[in-house]
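Straight from TrEMBL, the features:
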ACT_SITE  C277  active site, nucleophile
BINDING   10-15, D35, R40, 91-95, 132-133, E166, 277-280, R347  NAD(+) binding site
BINDING   162-166, 221-225, R261, 268-274, 339-340, R443  substrate binding site
DOMAIN    333-448  domain 'UDP-glucose/GDP-mannose dehydrogenase C-terminal'
Amino acid sequence: MSITKICCIGAGYVGGPTMAVIAQKCPHIQVTVVDLNEERIAAWNDENVDNIPIYEPGLSDIVAEARGRNLFFSTNVEKAIDEAQIIFISVNTPTKTYGKGKGMAADLKYIELCARQIARIAKDNKIVVEKSTLPVRTAEAIKSILDNTGNGVQFQILSNPEFLAEGTAVTDLLNPDRILIGGDTSVEGQKAIQSLVDVYANWVPADKILTTNVWSSELSKLTANAFLAQRISSVNAMSELCEKTGADVNEVARAIGMDSRIGPKFLKASVGFGGSCFQKDILNLVYIAKSYGLNEVADYWEQVIIMNDHQKRRFSNKMVQTLYNTVADKKIAFLGWAFKKDTNDTRESAAIYIADDLINEQAQIAVYDPKVSSRKVLADLDYLETRTSEKNSANVTSFSDPYEACASAHAIAVLTEWDEFIAYDWQKIYDGMQKPAFVFDGRNILNRVALESIGFIYQGIGS
Ligand code: NAD
Ligand code: UGA
């Protein structure tokens, strides 16, 4: 089938950038991204492309090129479903906060709502693509809903998980390591796979497009995230041992990364991984393993999360200990709030948990992040429900100028690896701070020797 109309349900961090790139690379295909969130869609349609709701390097240029030509953002979900030949589902699949599997399983209510809506509206055959990250065998449930509540039309379900990382979404989408498409082994299933392969083939070399059965594709996505997060927890575990033994985790990572079997990527010790997916996907993997009675498998992967929680807690404990066992009423400047550089996303950012711990110790937190608003910082803390929002507001202030955030602070915590932090005038920052002036570099990005020569007391991760 020659594809001319695609729709994507969910205009978030995956749906927005992915569809923008498909539209840019396939001008002959009309791509409509729909969402229930009117504010988000309005922001995607903002005349000034700098106001689109997601910050990703290079994204606004692509949106500027394709929007209004063959890329559209809309709240009219029904119309987009009705017209499309391929429907991507890119809605959120957060950890369940209620009922069976609470705190572990993926919450599939948004996925099911999409399936029911597609079934109700579709009047001709459709290919439905799971773009969201889903538990293995979710396609079975989607198919059952579509086939049993639909209008008698044929549906093919494909799994096409997204591997982009935030902050590098555009380059990841333009030059993916691979595109994974899982589908049914039937003739119809293979035809559907080919239709989607043809879309990606507009810019992705054929040898990078991998096709599998649906279950392999679904499980590969969880596996990839588990392996990536495992590397971070592994290096973070070694960082604690480094601190006790005089080894330097940066040197250890470099030494092991030169082994071609290990490789250099994803070995950066940190205050802990954040982001909307690693924790959620591993918890989901643990839940799936447990539900099959595979307790050893579940325990093995759960340790990645336990280590990550430990790393965050260890960082805040170390700050308090170093600051003479009290941070009460002390100003602590946070450089960075986003979960990594080059994104405005703060979901599960380590900064939130460090702030929460320090507020419990009655610290005054001053936040500077180049892309995160003060409203978002407070909303993230309120979401934890540790204390009232009045109390959070009383203890946390955001600044639009990093030098002001650091002025008269007792300590600075670097929590996101934004490049601009490295280029700051650290002498000026030092001069404005309380003495002794401490820097806790949760990303190991600053020059220790240079800071110590200014007079800072510097503590990195794992050295
Ligand atoms: P997101 O929260 O940014 O976006 C999801 C959007 O879906 C929201 O705007 C929400 O309003 C919308 N939505 C929910 N239900 C809807 C419905 N019934 N109809 C219309 N719109 C609806 O989430 P995200 O970060 O884009 O992640 C989406 C999925 O992709 C998740 O499964 C995630 O695990 C996966 N994923 C995310 C990333 C990432 O880097 N963020 C990378 C790979 C995969
Ligand atoms: C991750 C994966 O890298 C993507 O392939 C995947 O598509 C995505 O999850 C998803 O499924 O959502 P993302 O979370 O956007 O992408 O960003 P990463 O670059 O993986 O970083 C995750 C966290 O790990 C960040 O907090 C980052 O600072 C931290 N990290 C990363 C480290 O602490 N050390 C490292 O060496 C690498």
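Numbering starts at 1 and runs along the chain as it is shown here.
The backbone N, Cα and C atoms fix where each Cβ goes, glycine too.
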(request) List the same-chain residues at least 6 positions away in sequence whose Cβ sits under 8 Å from the Cβ of L222 (substrate binding site), in sequence order, or say none. (result) T133, P135, V136, D281, I282, N284, L285, I288
(message) Near Q279 (NAD(+) binding site) in space, meaning Cα within 10 angstroms, which of the binding-site residues do we find among E162, A165, N225, G272, F339?
(response) N225
(message) To the nearest Å, how far is the Cα of N92 (NAD(+) binding site) from the Cα of N225 (substrate binding site)?
(response) 16
(message) If I take the alpha carbons of G10 (NAD(+) binding site) and E162 (substrate binding site), what is the distance between them in whole Å?
(response) 13
(message) I want to check the contact list for Y13 (NAD(+) binding site): same chain, sequence separation of six or more, C-beta distance under 8 angstroms. What comes out?
(response) I54, E166, A169, S276, D345
(request) Go through the recorded positions Y13, N92, E166, A269, C277, Q279 and pull out the ones with a Cβ less than 6 angstroms from some atom of ligand 1. (result) Y13, N92, E166, C277
(request) Tally every other Cβ atom lying within 10 Å of the Cβ atom of C277 (active site, nucleophile). (result) 25
(request) Give the residue from the binding-site residues A165, A269 that has the most other Cβ atoms within 10 Å of its Cβ, counting over every protein chain displayed. (result) A269
(request) State the Cα to Cα distance, in Å, between G272 (substrate binding site) and T95 (NAD(+) binding site), rounded to an integer. (result) 19
